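Per Swiss-Prot, these features apply:
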- TRP96, LYS133: (1,4-alpha-D-glucosyl)n binding site (BINDING)
- ASP358: active site, nucleophile (ACT_SITE)
- GLU419: active site, proton donor (ACT_SITE)
- ASP488: site 'Transition state stabilizer' (SITE)
Amino acid sequence: MSLTKIPENVQGAVSIDPWLEPFADVLSERRYLADKWLYDIKHATPDGSEQSLVDFARNAYKTYGLHANQQTKEIVYREWAPNAQRAFLVGEFNNWNEESHEMKHKDEFGVFSITLAPLENGDFAIPHDSKIKVMFVLPDGSKVYRIPAWITRATQPSKETAQKYGPTYEGRFWNPPNSYQFKHQRPKFNLANDSIKIYEAHIGISSPEPKVASYKEFTQNVLPRIKHLGYDAIQLMAIMEHAYYASFGYQVTNFFAISSRYGTPEDLKELIDTAHSMGILVLLDVIHSHASKNSEDGLNMFDGSDHQYFHSLTSGRGEHPLWDSRLFNYGSFEVQRFLLANLAYYIDVYQFDGFRFDGVTSMLYLHHGVGAGGAFSGDYNEYLSRDRSGVDHEALAYLMLANDLVHDLLPESAVTIAEDVSGYPTLCLPRTAGGGGFDYRLAMALPDMWIKLLKTKQDDDWDMGHIVHTLTNRRHGEKVVAYCESHDQALVGDKTLAFWLMDAAMYTDMTVLKEPTLVIDRGIALHKMIRLITHSLGGEAYLNFEGNEFGHPEWLDFPRVGNNDSYHYARRQFNLVDDDLLRYRHLNEFDAAMQNCESKHQWLNTPQAYVSLKHEVDKVIAFERNGHLFVFNFHPTQSFTDYRIGVDVAGTYKIVLNTDRAEFGGHNRIDEAQEFFTTDLEWNNRRNFIQVYIPSRTAIVLTRQM
C-alpha cells in the first residue's frame, strides 16, 4: 500500500490498519483540530511567548482558586465567572459578611480576583479548614452563593446544618500547617515492555464493617492484600468529590476536591505514597464525561448562566439523556483549561500515575452511545463517515490533548485507559501516528460474554469457538485491558460471576468442614478457569474489581432511600478470606498465584496468542503466548489422558500453574513434577506436540525449560 496520498499526520495509523485508508481525510481533520487547539494553547500567553501544554495546565491550577503564599502569608483567589456582575468572598473568616471582601472587577475574560493580606499577628486571613464560599451578583441583581469551582476541599454539613439549610456540601480552605511530604519515587512503567495488572477499588466500601471506610484504613488493611495478590496497579474509584454517595462517584460536584467521606487530602497522599513504596502504580477513575446538576455545591449554573462550563440547555447538547447530568463544552478554551488543569493537579499534587477515563463512548458521539446510535456493528462508517458517524470532534480533540498532557507530565510511568464500548478505531494508537493517544481501552465485551454464557447456556453447550473469538477480537496495535467482571457487574440488579455460578450455596456450603457440593465444586473450578483464560487470552493488561478475586458473595448497593440507607451491601467482606474454614481463601490464593505467575513469566504485554485448538466436543482450548502453553478443559465430566496438544517449539515443558491444586480448591489430580517432552510430529498446525493429562474443569500453564 502506498502512503503517498495519505495525509502525513495519519500515515502511521493507516500503515497499521490499511482499512482506514478510505477515511484518512476524516482522521486527518480530527487530528488537525487537536493540533490546532494545541497551537492556540501554546501561544495563549500575555506576552506572546510560547508555553508548553504542561505549563498551561500547571499554571491554571496554580493560578485559579484559592492559594496561600507560605512566605508572605497572603491568600490569592481567582475565579472565572463571565456572567456575574460582581463577586464577593465570604466565609467563617469574615462572619459571612457580603460586603467586606469584594473581588476585583472581572477582566476582559471574565476573571475576578482578590488578595487577602495576613492578619496583624501574621496569620493567614482565612483559617485552615474554615468554611468559604463565593457570592455572585448576577445581571438581574440577584445573588447566588457557590463553592469555588477550583476548591480543593469540600465536606458534608453537620446534621444540624443539614436540617436547617439542606444537605449542600460546604467548601473549605485547605491550608494545613504540615502538609504530607512524599517519601517514595513513583514506580516506572514502560508501555512497550511492562505488564500491568489492575486492582479496581472503592475506598468507602473497603471494609467488612457496614460503614464508610477511610483512606487510612485502606492504606493499613487493603494495600498489603493487593501487594500479596501481585497486582501492580490500583484504580481508585469515587475519589473526585461527589455529593451523592450512591452515585458511585459518577456525579462529580467538586473536580479538584477529593472525597472527604474517607478522610483528608493528606490521608490520600499517604495512601498513594505507601502504594508507591510497594511498587504499585495508582490510577484515578477520572470523570470528565459529565458533571452533577448540583448548582449550589457544583459547577452547574455556577455564574448564573447555563453555558459557562457546559453546552447550553437550549442547544440540545447540554444534558445527558440517561444520566441526568450536564455535558461539558469541550470546544471552550476555558473548559479545556479547567479539565486539563484537573489532570495535572492530580498528577502533581497527589502523585497519581495515570487515569481511567470514564464514559468515553458518551464523549465521543453526539448520540452518546444511546439508542440506535449505540448499536455499533464494527462498520467503519459508524466511526469515520462524515455523514453517519455522529462523532463529537471537539470531545475527541480534548481527549487527544488530555493524553498528550498526561504523557508529557509522566514520560516514564503514565497510564491512560479509555472506557469505550464502541470500539472507535485508532483510539489507542499513539498521537504521533494519528491516534487518540490512549494506552489501553477496556475490553467491555468480555464480561458481557461470560454473564450471557452463565445465564443462558448449560455447560455442555458452551461454544469454545465463540469464547476464543470474543477473547481475541481486538484491533491490531491497540491494547486492551481484559477483565471478566468489574464494578458494573457487582452493582445491585446484576450478579458477580461467583454468584451466577454458586448463588445461594455461597451462604451455606463454602465451609471446608464438609465435602464441596456439586454446585460449589463447579463454581470454584469455573471461577478460576474463566479468570485465567480471560487473563491470558483476552488482552494486554488485566483488571479485577475488589473482592471478586475471592468470589465475594454479594452485590454492591450503596445506602439510599430505597434500602433505608443501609450499608449492609456497601462493603467488602475481607473477613471471609481470612477464615481458614471457608473456601474463599482458595479462590484468593489462586488469584495471587495467577498474578505472580504472570509477573514471573510475562504473557500479558506480548503479541496475541496462537490458538491451536478449539475442540467443541471435548471442550478443550489450547494456545501459546510468549512461549507459554495454556490448556483448558471446560468439559464438565470428561478428563483426558495423554491428550495431544500442539506446540511450536520443541523441548521439555513443565507446569507452572495448575487450577486443580488443593490449595486452590481443586482435587490435586495433576502431578506437577512431571516433565513433558515434545514429539517431532506436526499437530494442529504446530511443529510438535506433547501429551498431557487434563482433568475435567481444569486449566494448566506450561513453560519450556531452558
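Backbone N, Cα and C atoms are what each Cβ position is placed from, and that goes for glycine too.
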_Between LYS133 ((1,4-alpha-D-glucosyl)n binding site) and ASP358 (active site, nucleophile), the C-alpha gap once rounded to whole angstrom_ = 29
*asked:* Please identify, from the recorded positions LYS133, ASP358, GLU419, ASP488, the residue with the sparsest Cβ neighbourhood, meaning fewest other Cβ atoms within 10 angstroms.
replied: ASP488
*asked:* Cα-Cα, whole number of Å: GLU419 (active site, proton donor) versus ASP358 (active site, nucleophile)?
replied: 5
_Other C-beta atoms that fall within 10 angstroms of the C-beta of TRP96 ((1,4-alpha-D-glucosyl)n binding site)_ = 14
*Expressed to the nearest Å, what is the distance separating ASP488 (site 'Transition state stabilizer') and ASP358 (active site, nucleophile) at their Cα atoms?*
12
*Length of the line joining the Cα atoms of TRP96 ((1,4-alpha-D-glucosyl)n binding site) and ASP358 (active site, nucleophile), in Å*: 37
*Where does LYS133 ((1,4-alpha-D-glucosyl)n binding site) sit in DSSP terms: helix, strand, or coil?*
strand
